[in-house]
Amino acid sequence: MPAITLVGAQWGDEGKGKATDLVGNRVDYVVRYQGGNNAGHTVVIGDQKYALHLLPAGILSPDVVPVIANGVVIDPAVLFEELRGLRERGVSTERLLISANAHMIMPYHRALDKVTERFLGKGRIGTTGRGIGPTYADKISRTGIRVQDMFDPKILRQKLELALHDKNQVLTKVFNRRGVELEQVFDEYMEYAEELRPFVADTSLELNRALDAGKTVYLEGSQGTLLDIDHGTYPFVTSSSPTSGGACAGAGIGPTRIDKVVGIIKAYTTRVGSGPFPTELHDEWGDWLRQKGGEYGVTTGRNRRCGWFDAPIARYATRINGITDFFLTKLDVLSGLERIPVCVGYQANGTRYDEIPMTQTEFHHAVPVYEYLDGWNEDISHARAFEELPKTAQAYVRTLEEMAGAPMSAIGVGPGRDQTLELRSLV
Ligand code: GDP
Ligand code: IMO
Ligand code: MG
């Protein structure tokens, strides 16, 4: 059986948690392959709502083995808090596997994330302040601390000494903040090590063996294509590779293992934090989408910026990720509009663009060119088959499908587990 990758096709918060939960009882492993607790994935099961930050949403499915793979960055305090919260709600957590190669978010990473943002002022990225960027920066600089380093006190101390040599200079001399005390961090992380130990495994080996044995592995992306460090709206991006290529490196699986890439995409667009967003609405329609769609951040509680569907972005996501199927979420939110604007291209500096322009400057100046599709008034949240949707809603989906370049295989009509029309099996 195959590996399936799930990716956000826009700027995150497309409904990845719900999509993972939908297939939870049909897969054997659910793997987080990048990002950290900057993510916020919501799963609604009956009257219970769960917000997951670091754990894969598959942890809520009793037969799934949830995996935090090598590409993820781990804040141990957050991990244990999240595990504790789930256990208190009756969710079993002992199946969790954590890669020995995943990198640790350290207190100085969180501190640096915050001071850098403050320093940038108006030019800030609008990060989640969780230390994600500085942790990945250390990973690439080869000064990071991995899960396995915490099991050898001598190595942990050595690596901490090396890291703090620079970090404390920067915190105290550049940013005028308090430095980080080596012994304090050392003791704190030695305690975490004991709590982590039972979960730690060679997750790449485990996943490859599982695939050999015919099991299904589901790779749950966080963030989204336009937040990708290489393919997103740099520098207004996260510091990892949420796109499908990142899934292989982040999980230790070869690309030939993956035979489906599911793109999660909203029927409109949202973004949290700074950076270009051509279809953003600054008027009452932006407020309308925010209120109707409940567009408030799961992690930071910030208002999400809202705008209409952007077809060049959908096409871009199809291209960059090799998307084979889309899961179109939040179609229900658009009920009540007479006409629905859909962005089909841009104008920038007197030039018409049918695709995302090559340079960030052009994208910053991109003004959307809209086509107007017919809306519908009916509440569609009770629909359970495509044919039960109003004809104009069906046409909206079909038009988006054509523009995006891959089939809309599932459609979300509400946050609940059962509020999904699955036109083609996602697994
Ligand atoms: P993620 O980060 O991609 O997992 O998405 P978030 O959980 O941050 O944000 C998606 C929000 O939309 C959550 O509150 C979900 O419960 C909700 N949601 C997901 N799919 C649908 C849908 O089809 N309709 C509606 N109304 N809400 C949805
Ligand atoms: P999920 O998985 C939406 C955004 C931040 C900021 C930028 C960099 O729930 O879709 P970071 O803290 O990662 O260095 O911040 O990325 N961002 C997200 N936006 N959904 C997310 O995750 C996000 N994770 C990070 O708002 O603009
Ligand atoms: Mg989210």
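Keep in mind that glycine also has a Cβ here, set from the backbone N, Cα and C atoms.
According to TrEMBL:
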{"type": "ACT_SITE", "residues": "ASP13", "note": "active site, proton acceptor"}
{"type": "ACT_SITE", "residues": "HIS41", "note": "active site, proton donor"}
{"type": "ACT_SITE", "residues": "LYS139", "note": "active site"}
{"type": "BINDING", "residues": "12-18, 40-42, ARG304, 330-332, 412-414", "note": "GTP binding site"}
{"type": "BINDING", "residues": "ASP13, GLY40", "note": "Mg(2+) binding site"}
{"type": "BINDING", "residues": "ASP13, GLU14, GLY15, LYS16, ASN38, ALA39, GLY40, HIS41, THR128, ARG142, GLN223, THR238, ARG302", "note": "IMP binding site"}
{"type": "BINDING", "residues": "VAL298, THR299, THR300, GLY301, ARG302, ASN303, ARG304", "note": "substrate binding site"}
Subject >> Residue with minimal Cβ packing [other Cβ atoms within 10 Å] among the binding-site residues ASN38, THR128 >> reply: THR128
Subject >> Cβ-Cβ neighbours of VAL413 (GTP binding site) (radius 10 Å) >> reply: 25
**OP:** Could you list the residues of the same chain, at least six apart in sequence, whose Cβ is under 8 A from the Cβ of THR300 (substrate binding site)?
**Re:** THR128, GLY129, VAL272
Original post:
How far is it from THR299 (substrate binding site) to GLN223 (IMP binding site), counting Cα to Cα, in Å?
Top reply: 12
Original post:
Are there any residues in the same chain, six or more apart in sequence, whose C-beta is under 8 angstroms from the C-beta of LEU331 (GTP binding site), and if so which?
Top reply: ALA267, ILE380, LEU389, ALA393, TYR396, VAL397, ILE411, GLY412, VAL413
Original post:
What recorded positions among HIS41, ARG302, ARG304 are found with a C-alpha within 10 angstroms of that of LYS18 (GTP binding site)?
Top reply: HIS41
Original post:
Of GLY12, ASP13, GLY15, LYS139, listed as recorded positions, which ones have a Cβ less than 6 Å away from ligand 2?
Top reply: GLY12, ASP13
Original post:
At the level of the C-alpha atoms, what whole-angstrom distance separates THR42 (GTP binding site) and GLY301 (substrate binding site)?
Top reply: 13
Original post:
Under 6 Å from ligand 3 by Cβ, which recorded positions from ASP13, GLY40, GLN223, VAL298, ARG304, VAL413?
Top reply: ASP13, GLY40, VAL298
Original post:
For substrate, what surrounds VAL298, THR299, THR300, GLY301, ARG302, ASN303, ARG304 with a Cβ no more than 8 Å from their Cβ centroid?
Top reply: GLY40, VAL272, TYR296, GLY297
